[in-house]
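> First the structure, which I've put down as structure tokens, then a few questions once you've had a look.
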Amino acid sequence: MTNILSAIILGIIQGITEFLPISSSGHLLLFRHFINLKLSIIFDIYLHLATVLVIIIYYRKRILELFLTFIRFSLRKTVKSDLTNLKLILLILIITIVTGVVGTFISKYESMFTLSFVLINFIITGILILMLEFNFLKVDFKGNILLAGIFMGLMQGLGALPGISRSGITIFSASVIGFNRKSAFEISFLSLIPIVFGAILLKHKEFYDIFMVLNFFEINLGALVAFVVGIFSINFFFKMLNNKKLYYFSIYLFALSIIVCYFVRI
């Protein structure tokens, strides 16, 4: 398979799976396994950057609102209506810090992420989605920003494991502690923005290296495809979330795990 075709397929996979609760990292690893593709993990982060741009566009008004709130807070000119936004900013900050710590720890064990490990995590994600869909677990402490941020950060950090959906586990954790689906969706994707940019800053040297090794056109083609597909994917997921049909993703993950196990004979 040519690098151009691989970049396009990886872009499609990233664009679809970043916003659907089925684990983009798990699907990228699965695809790499079957075609024996050996690209740097930095390429995956670059694809994540493309889908983060989709989030920024989708939530541009909300992001601007939060930014203006932060400016007013910095200038000590806050108004009463800023209180909710300030709580959200603080929550996202705590989530980002905790996620970064957990994600850094997990990244040290990337060599252990085997195909069987991914498939087990697909099943775990499927179970979490079912629990989310049918409100299986509720512990309301969203009013405690510190506790809520730590809990959601820990859960989102586990999303660094391939096969565990970052969006799925974050929305699940937000729902468990009392946030409604719309708020859980918003928190999940807004908190991804600083996390991806933080990962880029931490691995800036590797980013430079990958542009020296890989074809500039191929890298950006994959990112462009991920961006375009992501625009459609995020709208599709929002509709599924509102229509309470997330269990379809559980069925998909269970079926995918069984099919791969059968053909690979794990």
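The first residue you see is number 1, and the count goes up from there.
Cβ atoms are placed via backbone N, Cα and C, with glycine included.
Pasting the relevant annotations from Swiss-Prot:
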TRANSMEM  4-24  transmembrane segment
TRANSMEM  39-59  transmembrane segment
TRANSMEM  86-106  transmembrane segment
TRANSMEM  112-132  transmembrane segment
TRANSMEM  145-165  transmembrane segment
TRANSMEM  182-202  transmembrane segment
TRANSMEM  210-230  transmembrane segment
TRANSMEM  246-266  transmembrane segment
> Ranking 86-106, 145-165, 246-266 by the number of C-beta pairs under 8 Å to the transmembrane segment (182-202), which range is first?
86-106
> Is the transmembrane segment (39-59) packed against any residues at least 6 beyond its ends, judged by a Cβ distance under 8 Å, and which are they?
6, 10-11, 14-15, 18-19, 24-25, 28, 32, 110, 186, 189-190, 192-193, 196-197, 199-200, 203, 206-207, 209-210, 213-214, 219, 222-224, 226-227, 230-231, 234
